[in-house]
Structures are given as C-alpha cells and as structure tokens.
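What follows is a short report on a single structure.
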Amino acid sequence: MHLQRALVVLALLNFATVSLSMSTCTTLDFDHIKRKRVEAIRGQILSKLRLTSPPDPSMLANIPTQVLDLYNSTRELLEEVHGERGDDCTQENTESEYYAKEIYKFDMIQGLEEHNDLAVCPKGITSKIFRFNVSSVEKNETNLFRAEFRVLRMPNPSSKRSEQRIELFQILQPDEHIAKQRYIDGKNLPTRGAAEWLSFDVTDTVREWLLRRESNLGLEISIHCPCHTFQPNGDILENIQEVMEIKFKGVDSEDDPGRGDLGRLKKKKEHSPHLILMMIPPDRLDNPGLGAQRKKRALDTNYCFRNLEENCCVRPLYIDFRQDLGWKWVHEPKGYYANFCSGPCPYLRSADTTHSSVLGLYNTLNPEASASPCCVPQDLEPLTILYYVGRTAKVEQLSNMVVKSCKCS
C-alpha cells in the first residue's frame, strides 16, 4: 500500500515537472541581488586580507613607480594565465586559494650582456642565461603559492626563419652523474612578429631555490637542438648550424640605452626579464587544504553579455570602491566588474538533475528546505589590488573575486 502511494506521488511529480519549470531561486530582483553582492564583496576583501576593518587611507599623492610596475605586471600575468587555462575544467578550492597573496617582483640581475650568452656552437649564440636573487624571501619557502618567469620577446627583422622553438631549463650544479639542466617548458615562437610577454610556471624551481640557496644557478632559454638545422621530414642538415634568432628585451645588445639616458634606463628595467612570486603570509593560512572540486563549463561572459538570456546567466556588475564601498584606501584599480549570477533554472529531468523527482518529493515533505536548483557561480577569477597600510604599499592577489560563468545547482 505504501509502495503504491509512493508511486502515485512520483507520477504526480513527473507530471508537474513541466509546469514547475523554474527554480524557486528566481524571485530575487536585480537591485536586491546587487546590494547583497556589494556587501558580500566588502566582507570578502577584508576577510581575504585578514583585516577586521578597512585601513585608514594613505595621504601619499603619488604611487612609487616600482610599486605601480609590480601591480601592472601582476595584473597582466593573471590575465595571461587565466586566458591560457580557459579550457581547464578543474579549479582548486582550498584554503590556499582563498586568502590574498603577497606579490613580489625580482628583476633579472643585470651584468655584462655577454655573461647572458652561451655559445655552444662556434658560429653563434644558442642560449640565454637569466639569474635572479630571491634570498630575501628564503624563510617563506613553504608559503610560496606560485612563481612565474616573464620575459619580453622582441621582433627580429633580420631573422632567417619565421618561427623557432625555444626551451626553458633550470641550470643544475655540475655533476658527472646527472644532467646539467632540468627541462621546464618549451614554446614555438614567431621571430618577427609583434613583441609579446612570455610566461613560464617556475614554481617548483623557485621553491627549490628558496630551500637550498646553492641550487640557484639561474634559468636558461635555449633553442631546441643547438648546432643543427632540421628538414621538415626530421632529417638533420649537416654543417648548417642553428643559432638563436629569438630576441629578448633586456638581454640583447640592441637594447643598450646609452649613457645618461635615465628615461630609457627606466624603460629597460620595466621591460627586463623578471620573476613574479605569489606568497601566502603565515598568518593567513591556518588549516591544511580543503580539497579540490571538479567543475563543468558553464554560461560565461562571452555568451551572457552578448545575449538577452533570461535564464541563469552571469550578469555584469561594476563595483566602484569609493562610490559603492566608501573606500579610499584601495589605490588600484578604482573599481572592477565583480558580476553576479541570476536567472531561472530549468527544473527538468536532465543529466544534471537526474534525481529531480526525488528532489521534488523531498521538497513536498520539507517545504522549508530549498532543494530546487539555483543559479550560482561556477568559474571565478582573481583580482589584483594595490593598497596602503600606513605608508607601506602592498600589491596582493585576491582569489575568486570575478564571476566569469554560472551554472544551475
């Protein structure tokens, strides 16, 4: 008897599925959502910085050039990283992801340019060496979250080839029993195209440097196979030696600014090869990682901002730090698109709602609970901010601050 009643209830729920095709989470109006989102962002930023209240705004009129340069480099790096990983369906959801990261920039140690060149072959340069001093953060080895090596590729109009493969290596201590290099990454690059920043993930390498200072012998960018040129079929062309035709800003002689030209010297330093380190301050990390979640692709800004989609989608929301939050202590950016998710969620039996009938029955028996699908964020991106605590400038990365896509869940 009880089984028959259950079957009747399930049948009625299936029949009602079409009429109950909208989520119960769709009754909120946009103004209400915006107010809630603004307040959530206020608390989120303070929480990620481990601040109990907003710091007093700085009276400094001008931001130091090196601080602004660090902010711009970090922002550009994050844009590149998330652009390259747009197809990655996984996202870490750990405590280390949550809290803000302190940003450090280390420029390449400048020296005589010939010290940056390696001539494995007798007729030309095949490698470039990049050295860095990261000893100032050695005590924070366990707090390293990410490290990126960035170098600006410049066009080479006199190049004999249109494309060349380069490979990045960690230089190891000389030992007859092990290799002298450790491969990190490789890229196929145009030699004459417009200038572009190249980024390489060197987290493991820098972590080793922080752990053992003597292991920091620098990085090497080399052509794929020094001293040889290959035919399209893979055969080696004897007696034709390949040399590096990729040019890098800050390491090639063409960049010599001349004596006394402070403006060009400053520009060269801004564009010189450098490391960007993201460190988690010890006071912001109390617990071990909280695990990872696999996420599926959702409706993103590319679709939602171009279409008048009424169902669940990401909606644009610009937050002005001064006008919306009443904050003067954040110097850069002045505001950003935080965005939010809103819209009805289809309440139909599908791959994502296989148990919709069971959820419906649960809703009937538990009217106060919410088992209906809601429009929620799926993919989020970080935000880089420049702010002052007293007279000390800080550049930090705040994770998961920009909603890029949504899903029904």
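For all residues, glycine too, the Cβ spot is worked out from N, Cα and C.
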Residue among CYS304, CYS406, CYS408 that, according to Swiss-Prot, closes a disulfide with CYS341: CYS406
Cysteine from CYS312, CYS313 that Swiss-Prot links to CYS375 by a disulfide bond: CYS312
Bond partner of CYS304 - disulfide, per Swiss-Prot - picked from CYS313, CYS345: CYS313
Site of maximum Cβ density within 10 Å, from disulfide-bonded residues CYS304, CYS313, CYS345, CYS406: CYS406
Length of the line joining the Cα atoms of CYS312 (disulfide bond) and ASN133 (N-linked glycosylation site), in Å: 49
Neighbourhood of CYS341 (disulfide bond), C-beta criterion under 8 angstroms, separation at least six: CYS312, CYS313, VAL314, ARG315, CYS375, VAL376, PRO377, VAL403, CYS406
Secondary-structure category, per DSSP, in which CYS406 (disulfide bond) falls: strand
Number of other Cβ atoms within 10 Å of the Cβ of ASN140 (N-linked glycosylation site) across all protein chains: 16
